[in-house]
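Q: A single structure is presented below for examination.
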């Protein structure tokens with residue numbers, strides 16, 4: 001009875017911890033998105049400098065990651081040669097900087113709710129680029145699913161009350177660069193046996209992003225900031241924003257490490273619906289019935305895609321276990337045959 005009770009308590013504790021990690025990630029992801037919108041939107045804080053904001057994030061995250069790895073030794077660094085860094089991390093850093101720059105820029109032109117709807121295209125972009133680079137196999141049923149997601153997003157875009165073409169181009173560009181980055185991580189790092197958690201990833205990638213962003217910043221934002229002499233850097237606003245951005249990376253590390261990447265995908269869907277509700281009720285963004293219908297179709301497509309990926313993972317895991325069992329059975333059979341032949345030779349003697 002005591003053992004049964006303790007087991008039950010352990011299971012309940014594990015479930016509660018999992019939900020806690022999910023809640024923390026949703027809260028921080030939600031906070032960073034709304035906070036970035038608040039800073040960049042001309043009707044709110046009115047600081048429309050997405051490159052500068054991204055550079056502040058990168059410098060802060062790189063500094064904290066350095067302290068956690070080199071000073072406090074909370075996380076072990078990954079051994080990486082100069083050639084590997086230049087050939088693998090630098091291209092990923094370039095793609096990440098472009099993705100962050102464009103996605104932050106989109107907040108100036110589009111509502112939070114509509115941006116979340118456009119982000120539903122991420123599986124479509126990842127799958128398409130994966131097929132292009134031969135990391136994913138082409139399947140007709142998967143492509144039909146991708147087209148259904150795209151169709152849903154197109155309906156949501158058609159129903160958008162404050163549609164801005166430039167904003168949509170920026171967000172779609174951000175999705176394309178982020179999808180390419182995810183595929184490149186598989187090609188350039190995972191295939192070489194290198195795994196980076198969010199802390200080591202920031203340690204290696206954030207300085208690289210900062211350097212890449214410095215080039216457009218000098219020509220695009222620096223001249224404007226130089227003329228805006230009235231602006232004074234608010235350490236509270238930008239410091240809190242940077243802490244939230246770094247904490248979000250830690251939350252990703254916790255969520256994926258303690259649960260799974262699939263849990264994060266499911267939590268992401270919950271977060272998107274919460275952001276749409278918040279955008280409509282608090283920020284007072286217009287969300288039309290056509291918006292919701294289109295996003296609902298896209299959501300069903302994404303849910304089906306995640307379900308298919310889960311089934312494929314389960315099948316792969318079952319196949320792996322079967323192969324291991326067969327291998328173990330073969331080894332035991334060989335051992336028994338060896339013992340039998342040994343006994344036979346002894347009896348003959």
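Using the three backbone atoms N, Cα and C, a Cβ is placed for every residue, glycine included.
Feature list, courtesy of TrEMBL:
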COMPBIAS  321-340  compositional bias 'Basic and acidic residues'
DOMAIN    20-306  domain 'Sugar phosphate transporter'
REGION    321-349  region 'Disordered'
TRANSMEM  16-35  transmembrane segment
TRANSMEM  47-72  transmembrane segment
TRANSMEM  84-102  transmembrane segment
TRANSMEM  108-130  transmembrane segment
TRANSMEM  165-189  transmembrane segment
TRANSMEM  201-219  transmembrane segment
TRANSMEM  231-255  transmembrane segment
TRANSMEM  262-283  transmembrane segment
TRANSMEM  289-306  transmembrane segment
Q: Given pairs 6 or more apart, does the transmembrane segment (108-130) have at least three Cβ pairs under 8 Å with the transmembrane segment (289-306)?
A: yes
Q: Would you mind giving the whole-number mean pLDDT across the domain 'Sugar phosphate transporter' (20-306)?
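A: Averaged over the domain 'Sugar phosphate transporter' (20-306), per-residue pLDDT gives 90.
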